[in-house]
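The structure appears right after this line, and notes come after that.
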């Protein structure tokens, strides 16, 4: 009875502290913001970049490339960012195990300075390769941080605030896209002479993160479960929770620690062959591939071309694009502030289902646009609907549930797998979509429609609600599907942890 009262008391008192909010905002500002910015920044200066490639090829080789070659080169510039991201994702498991969550974020900042410098000086050096290499390096940074930031926030947040804090990165992704669209306006940096500066501005948010983030504590779960440092764990929890009672949280971490057969992190191969997490792996595979193959990246990469094909006057396209960026930010905030009230499942199901309907709408309106010119505006509305539906739920929830579905030993490998699949799908869309659109026209959106509806159905029938659940409770929810007895997921009874300063628990023998 007393234990129940203690749990209830902590549940009531757990609130969003300034330290937690600062950690979420700072880690997202120097990482997630850059991912969104790099997704959209190549859209506005596309013609200037193509012109630069054409000019330098003539200067260096005396050869005038045809339009198809320049299109392939530009598509490589767009999609090489995803190749770097995939490589970064594969490094996540090893990096976070060795350096910790916060430590990895701090060390990864050097990649942004290198990539930003290469892109910033590419025009002055007359070297197109510097743009492509710079995009690749910043992609590696985003590949690392896109997994590490939600992992870090998911581990420092109390379970009642985990959804809210873990969606702050998705808001920053939307902010990054919006910032790239605004700065790319012709009245600002959307001029031919400014595109290298536009691409290299990523160094400024990273510099701020590098100055401030080292002063924040490491993830308490990492410190206790992987490093066994109870003193540092208590200090970190006190820093993040301030005056709240942290005893129940420490007990929950110790319970998870006792349940692990090994404190060492599981490898990617070990994760894939572990039958106790089979359905969790299938789930992160479905949602991460579905997230990217939903068509959202095609819209982000080629927004101007899509609006041009819809018949929007050339002089209005850049402002229409900025308007969609503002809708992204508003939708992302809506998802962030409702996830703890509605849960993960409704946002995922509703978001993917709405995106599927909008993809179908783009196809239908394009087919009858010649007969009914007014339908071009319906097509634009469908594009806006895809963006809004994505940012409300599918933009951030897959990263959140990747943290929630796995215990500490499996989480780094899970993020490597999810991140790799995410970026591989991102690369596929970025490189293939221009040619897919040429060959299939508006029918290509029927593919995205089918994928969105498929993920919505999978979420409805397979994924349980994880809101306000501990990591141990979530693992037990999947036990039946994995044909695992729940007793196998509970304490093995061998770990002896003593009470320390009133925040530990009496050891088991």
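Every residue, even glycine, has its Cβ placed from backbone N, Cα and C.
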Where TrEMBL places transmembrane segment among the ranges 325-346, 347-368: 347-368
Matching range for TrEMBL feature annotation, coiled coil, among 208-235, 236-263, 264-291, 292-319: 236-263
Transmembrane segment per TrEMBL - which of 2-19, 20-37: 20-37
Matching range for TrEMBL feature annotation, transmembrane segment, among 45-68, 69-92: 69-92
When counting Cβ pairs under 8 Å to the transmembrane segment (104-121), the leader among 20-37, 69-92, 347-368, 413-433, 445-463: 20-37
Spatial neighbours of the transmembrane segment (413-433) far in sequence, C-beta under 8 Å, 6+ residues away: 75-76, 78-79, 81-83, 85-86, 88-93, 96, 139, 143, 146-148, 151, 265-268, 270-272, 277, 280-281, 284-285, 288-289, 291-293, 295, 297-298, 301-302, 398-399, 402-403, 405-406, 444
Mean of pLDDT values spanning the domain 'Major facilitator superfamily (MFS) profile' (24-467): 86
Result, the transmembrane segment (445-463) in contact with the transmembrane segment (127-152) (3+ CB pairs under 8 Å): no
